[in-house]
């Protein structure tokens, strides 16, 4: 028996940051090394995401238990993977894909396959005595490592908050800095400044699922203006040090072919009108990135949005592409969007996640590695962002340990690698 051989795999039900069950998996090697990873969980999900398997037993965790998925790991997946070398990531992942045999992993559950896939990578890195980011880099021959620009979600609306704001996330991107640690400091200072701005206006400073504030505001635009006020208070310059980013999550307010902004008196827009509305915001404010500006099924609308904004800012497909190489390829062919959000639980294995990242890179699309609104202390996405030189990471606000765990891991990686922080150079139209 060789030391890198998988001798056991164990999964358990743990809790995520919302108090809902999720899966944690351990991959155990002959050498005694144990790799551990947890699957995250989303709130606003794309309809073509790989399936997160839940038990549906209302008497237990309100139907959200994951015992079935845990059992799939402890029996079917374990039986198929024990005896394999942990260094064969592609073989491990492909075995699970074949075992499942469905397009969206509905048999085993993407939460089951992902936890095992990531735990195997962690075990492999530990067995080689190298950091996880280095192991991920070596999987695809990535020789240059970079620190990602953080996309920090500081005001929440939509399905991430119980307020009257339609756009789901208002974010800051600290682009005008020479290191990740300085960029992080700027983000934290602006976050605290925003709290005082909201306090002075008598607005709520409770935080949402991802640690951003969720005040009731008069309009979506007011969220932008309070953030600009907070940036100004800290002495940083919006438009040079700090850029803004939006995640519309517009599938959440797309009804019968129209985009309906409930927070603005149920104002209804056609696809092109909503694109023009977004273009108006871009002209008026220092916005460098818009995610899911239109519904995931509105390919024609996306085409128009890309034609008017695609050479000016980053247009990120999340619900649109769901980290799926096949769907991304369609986007590339039809010139839709210019960036992809990478959420590995949308696809269910590390190998397929890397396929999506490198397909995007090879076709000039930027990549943003992302958390989910239901997270754990697992910080794998930090290593993934550096190990693929993705360029950007989206992992929430500057509070809640489920978010900060990723930022802290990035600080450790920066200290270890001295990897470059490219800031503005990551964006079209900013260099």
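Using the three backbone atoms N, Cα and C, a Cβ is placed for every residue, glycine included.
As given in Swiss-Prot:
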{"type": "ACT_SITE", "residues": "210", "note": "active site, proton donor"}
{"type": "ACT_SITE", "residues": "343", "note": "active site, proton acceptor"}
{"type": "BINDING", "residues": "168, 343, 372, 373, 394", "note": "(2R)-2-phosphoglycerate binding site"}
{"type": "BINDING", "residues": "247, 291, 318", "note": "Mg(2+) binding site"}
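Sequence features, as recorded in Swiss-Prot, placed on the structure.
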{"residue": "247", "record": "Mg(2+) binding site", "Cβ contacts under 8 Å, 6 or more apart": "153, 167, 168, 169, 171, 290, 291, 292, 316, 318"}
{"residue": "343", "record": "active site, proton acceptor", "Cβ contacts under 8 Å, 6 or more apart": "40, 42, 318, 322, 323, 370, 371, 372"}
{"residue": "394", "record": "(2R)-2-phosphoglycerate binding site", "Cβ contacts under 8 Å, 6 or more apart": "150, 151, 153, 171, 341, 368, 369, 370, 371"}
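Apart from the site residues 247, 291, 318, the chain places the Cβ of 168, 169, 246, 248, 249, 290, 292, 316, 317, 319, 341, 394 no farther than 8 Å from the centroid of the site's Cβ atoms, the recorded Mg(2+) location. Counting only the Cα atoms, the space from residue 210 (active site, proton donor) to residue 373 ((2R)-2-phosphoglycerate binding site) is about 6 angstrom. Here the binding-site residues are 168, 373, and the one whose Cβ sees the fewest other Cβ atoms within 10 Å is 373. The maximal spread of the (2R)-2-phosphoglycerate binding site, taken as the longest Cα to Cα distance among 168, 343, 372, 373, 394, is 17 Å.
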